[in-house]
């Protein structure tokens, strides 16, 4: 670790991921769109000074502002460019040699009240080598000229961004006869002179001229594709232009996936309060631990001289143990949140862009599949979707989703469509699981609701505070939370229809189906009425939870994408439990679910349906069109999987304990990956060990899984304390929670006011 100046890394070092994707050392580079480039450079004046290679860079730069620009300017002359809509001026000034003319032009900007350019990009040398046939005298004169120009550039660097572009290597075999004297040896000598003079001059100045040396590295990899051996191919110069844009614009635009040149964000008021709270928890736990340790030493068992019996030390009261457990949980959580903050908010650890290859996705998938099959055990019960089976299902799906995220596989549409089914399957289980519980147990009490809401939302609320992110940013938790409340409201509203009541009178089954039809109608209406949906979730305090970037469009999009699958889960649970009650299915160990003929037919249909969906998803050409169909057809593959997994008796009687273990902490894994496995809020990859990608993934994965497991235990422990079964105590806790959120809202309002 050499410090937090990622700008220096961006300008000087990096490597190619594949053939065209440039990865700066230690940080992430944002790919600027035209609109973003315009917003960054509004009312700015940019000047490129140099030879034909600088002219190439000039054209690539202005194409980021306006892609329609054609390279039609005068070859050996000045070329102006202006975007009047954003008041942006970009000029190319033809000065192929570092000489008196270039010095005079630069000097003119340092004198009097002349408007100075905001960005100045300078570079030249190949013409000097060519005109003077690579003579040593020309190199000596080049050194003298740069020495005279350096103080002027440093003076400009006080108020402007000044970049000296080092000369790229050439491909000597392709050079024409008139350019044969331009050798890489000569170019290195000129570059060395420029760097030495600019660095020695900047030691005594207030500002520094930034040396743009990264283009050399890019050229070394791509100059072989040059048309003439001198000028870079278009993809390489576009990369250089994008680097320039990142150097200047990242600190202004602050893109999430552009960590290069971004300063560490200042701590917010809420973050400071959280830091104090966790610090006090750690100190409090240490004090209580020391007190208990001293008491144990004083009261440890001693032999009674008369009876010869051992006396046991006094047992701590329940209140003390509850307080100790509470402080212990917050102590561990505080240390874990510190790690979260250091990984994804402090500029301590490196971050890199994702780069997708088929091998980076499919090889880990094959590896975990082998591991999962290896850890096969018998289930405790053989019912359809029993606990071990659902944990296994969640586990392997979560592992596939994690590999999908770290490999950047969202760029490959067939993989994206299959991952969408896995997300839908999670929501299907939400509908199935909660419906089954309420239908069988008939428990609509506040305790059950609070337990579920706490377990779902505890980690996300803490991360919203510590990482300064809105609730909707962790979109999956709001999604399952809202669907849980919809399921609860559907079944709890009058008349409450549960299995016990329905067994007494079959008409209640029709009543429940009527409720489900009403729910489906509401879902259908909201999915095609964006205005109504946005009005519902724009009311305070819902707007505070579901807004992202000032509107609820993202929330509407996420909800709409899997709008029917929870209903499908509820309907499947209803049909399955009805069949089970009437003993129309066989769930004995080793027995097929139905009669042999029916089982074989259903199994064949399921396999065909499963493969048909995969073929359709793999043939998708347009993400938007496929997303429109996804809510209606995703249930096909989900139901096909359930039947394939449960119809054969042997398959239903075994499960993978490896996948089931991950399934128990799947929610924590999904949320924690945002900051301590991936980086820059999932846009990049966290780098703990630079230079060793595989070893880095192993280490960061081990820590990530351990942290997720620990947070799962902390959440379970705190749920027992914060959400007690006693109603009067629970009411008091709910009032405290309401007070906590009121305080959070108050500090959030203060924070927003200070930002504005």
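For all residues, glycine too, the Cβ spot is worked out from N, Cα and C.
Any TrEMBL annotation is an automated prediction that lacks curation.
Taken from TrEMBL, the feature domain 'NXPE C-terminal' applies to 22-72.
Confidence annotation: the domain 'Cas1p 10 TM acyl transferase' (253-734) carries a mean pLDDT of 92 in the model. As annotated by TrEMBL, domain 'Cas1p 10 TM acyl transferase' applies to 253-734.
According to TrEMBL, the feature transmembrane segment maps to 269-291 (among others).
Nonlocal intrachain contacts for the transmembrane segment (325-343), taken as residues 6+ away from its ends with a CB within less than 8 angstroms of a stretch CB, comprise 274, 277-279, 281-282, 284-286, 288, 349, 462-463, 466-467, 675-676, 679, 686, 703, 707, 710-711, 714, 717-718, 721. Feature annotation from TrEMBL assigns transmembrane segment to 325-343 (among others).
Positions annotated as transmembrane segment by TrEMBL: 355-375 (among others). Beyond the ends of the transmembrane segment (355-375), by six or more residues, the same chain brings 17-18, 21, 23, 395-396, 399-400, 403-404, 407-409, 411-412, 415, 656-659 to within a C-beta distance below 8 angstroms of the stretch.
Taking Cβ pairs closer than 8 Å, the transmembrane segment (396-417) reaches residues 354-358, 360-361, 364-365, 368-369, 372, 423, 425-426, 617-621, 623, 626, 630, 656, 659, 662-663, 666, 669-670, 673, 677-678, 682, 685, 697 in its own chain, all 6 or more past its ends. Among the features that TrEMBL reports, transmembrane segment is placed at 396-417 (among others).
Long-range contacts of the transmembrane segment (452-468) within the same chain: residues 265, 268, 270-271, 274, 333, 337, 340-341, 344-345, 434, 474, 477, 480-481, 484, 667-668, 671-672, 674-675, 711, 715-716, 718-719, 722-723, 744, each at least 6 residues beyond the stretch ends and with a Cβ under 8 Å from a Cβ of the stretch. The transmembrane segment annotation in TrEMBL covers 452-468 (among others).
Positions annotated as transmembrane segment by TrEMBL: 474-494 (among others). Residues 423, 426-427, 430-431, 434-435, 438-439, 444, 449, 452-453, 456-457, 460, 463-464, 515-516, 519, 545-546, 554-555, 558-559, 562, 566, 570, 667, 670-671, 674 of the same chain sit 6 or more residues outside the transmembrane segment (474-494) yet have a Cβ under 8 Å from a Cβ within it.
Annotation comment: TrEMBL describes 506-526 (among others) as transmembrane segment.
Non-local neighbours of the transmembrane segment (561-579) in the same chain are 384-385, 420, 423-425, 427-433, 435-436, 439-440, 479, 483, 486-487, 490, 499, 509, 512-513, 516, 519-520, 523, 526-527, 585, 627, 630-632, 634-635, 638-639, 642; each lies 6+ residues outside the stretch with a CB under 8 Å from one of its CB atoms. The feature transmembrane segment is assigned by TrEMBL to 561-579 (among others).
Summarising the annotation, TrEMBL assigns transmembrane segment to 600-617 (among others). Panel annotation: around the transmembrane segment (600-617), residues 414, 417-418, 421, 594, 626, 633, 636-637, 639-641, 643-644, 647-648 of the same chain, lying at least six beyond its termini, place a Cβ under 8 Å from a Cβ of the stretch.
Cβ atoms under 8 Å from those of the transmembrane segment (659-679) belong to residues 28, 259, 339-340, 343-344, 349, 351-352, 372, 375, 388, 390-399, 401-402, 405-406, 455-456, 459-460, 463, 467, 474, 476-477, 685-687, 700-701, 703-705, 707-709, 711-712, 715 of the same chain, restricted to positions at least 6 beyond its ends. The transmembrane segment feature in TrEMBL is assigned to 659-679 (among others).
For 685-709 (among others), the entry in TrEMBL reads transmembrane segment.
Counting same-chain residues at least six beyond the ends of the transmembrane segment (730-750), those with a Cβ under 8 angstroms from any Cβ of the stretch are 269-270, 273, 446-447, 450, 465, 541, 544, 722-724. What TrEMBL lists as transmembrane segment is 730-750 (among others).
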